[in-house]
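**Student:** Provided herewith is a single structure, encoded as structure tokens, for subsequent inquiry.
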């Protein structure tokens, strides 16, 4: 493999390195995978309106998320079972995020526990939560995350049932026998049984609470003082309900296009959510971000930051911790360059006027002279 020059190149390397069942699990989307390609393609329908002759000798990408200072608005999304990608799994990802001065979100379904991730050293970490039918399990898990120094809960709200991922059904996906869902190991929920279709889909059907509703978001606030980010919002209506329910922030997400197919790309849904939030809480985005230009576009449309998912597991598979570090570094450098070439010296200078989208009203053209 030659010099890696962009984030997307890691996917092909991961595909070569990983067992088919594992690569397909990370790579696939739901059903026709229309939203999967749309998450990427929608970015190409946004063009720049760069401003020139601005002194861009100094560029500041630093920001704060829920009061925590980070080096750039690029963070790590929760992705399950990272030890399938590399033996160091979530440990490597945690160290890479910490080295980059940014936030890692640990999946509920991690192959390393909250305590193990905390043991890798300092760093700002969020914990992604699935709500299990047994609320004692949930309360215990949230307490453990708090004790391990995690700073926020990212509550996934788009998964009352697992989306239909046909590759996983064909492959009879299950967690490799030498791994466990470490956060649940002591509760006898750490193993996934083989099933006639997808082992994960069966696990979700058995364990995850389909009755989850807004009252549970309120309940969660009674058991923890951590801020709650609601992850999986795509509409103005749900944005308003999330804020009413006390959410500290919103993550516009379609679960990497793995849940309901034919929902819009997150970059398309973003503006509706930002407008509905009216600045009351920060709005973040995940899904399809592969370039620094994508990061800039999301911020221009009102996002306070973005999260990357698949690039993390692909680079982890390719090069372990060094791969994840490289992905964060490449995105950082591309984003800095995009800012400079757009004439923005700090994040607050990135505005809606720096982009034009295909769905903007075309400017009325003057009538042709006869």
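Cβ atoms are placed via backbone N, Cα and C, with glycine included.
Just lifted these from TrEMBL, have a look:
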- 1-360: domain 'FMN hydroxy acid dehydrogenase' (DOMAIN)
- 25, 165, 255: glyoxylate binding site (BINDING)
- 78-80, 107, 128, 130, 156, 231, 253, 258, 286-290, 309-310: FMN binding site (BINDING)
- 255: active site, proton acceptor (ACT_SITE)
**Student:** Looking only at C-alpha atoms, tell me how far residue 25 (glyoxylate binding site) is from residue 107 (FMN binding site), rounded to the nearest Å.
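**Tutor:** That separation, Cα to Cα, works out to 15 Å.
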**Student:** Between residue 255 (glyoxylate binding site) and residue 156 (FMN binding site), how many Å separate their Cα atoms?
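**Tutor:** So the alpha carbons of residue 255 (glyoxylate binding site) and residue 156 (FMN binding site) sit roughly 9 Å from each other.
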**Student:** Please state how far apart, in Å and to a whole number, the two most distant Cα atoms are among 25, 165, 255, the recorded glyoxylate-binding residues.
**Tutor:** 13
**Student:** Sorted by position, what residues of the same chain at least six away from residue 156 (FMN binding site) have a C-beta under 8 A from it?
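**Tutor:** Residues satisfying the criterion: 78, 108, 128, 129, 130, 231, 232, 255.
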**Student:** Between residue 309 (FMN binding site) and residue 165 (glyoxylate binding site), how far is it from one CA atom to the other, in Å?
**Tutor:** 17
**Student:** Between the binding-site residues 107, 258, 288, which lies closest to residue 165 (glyoxylate binding site), Cα to Cα?
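**Tutor:** In terms of Cα distance, residue 165 (glyoxylate binding site) lies closest to 258.
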**Student:** What is the total of other Cβ atoms whose distance to the Cβ of residue 309 (FMN binding site) is within 10 Å?
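**Tutor:** Neighbour count, Cβ to Cβ under the 10 Å cut-off: 23.
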**Student:** Count the other Cβ atoms sitting within 10 Å of the Cβ of residue 25 (glyoxylate binding site), across every protein chain shown.
**Tutor:** 25
**Student:** Quick one: give me the count of other CB atoms within 10 A of the CB of residue 107 (FMN binding site).
**Tutor:** 23
**Student:** Across all chains shown, how many C-beta atoms besides its own are within 10 angstroms of the C-beta of residue 78 (FMN binding site)?
**Tutor:** 26
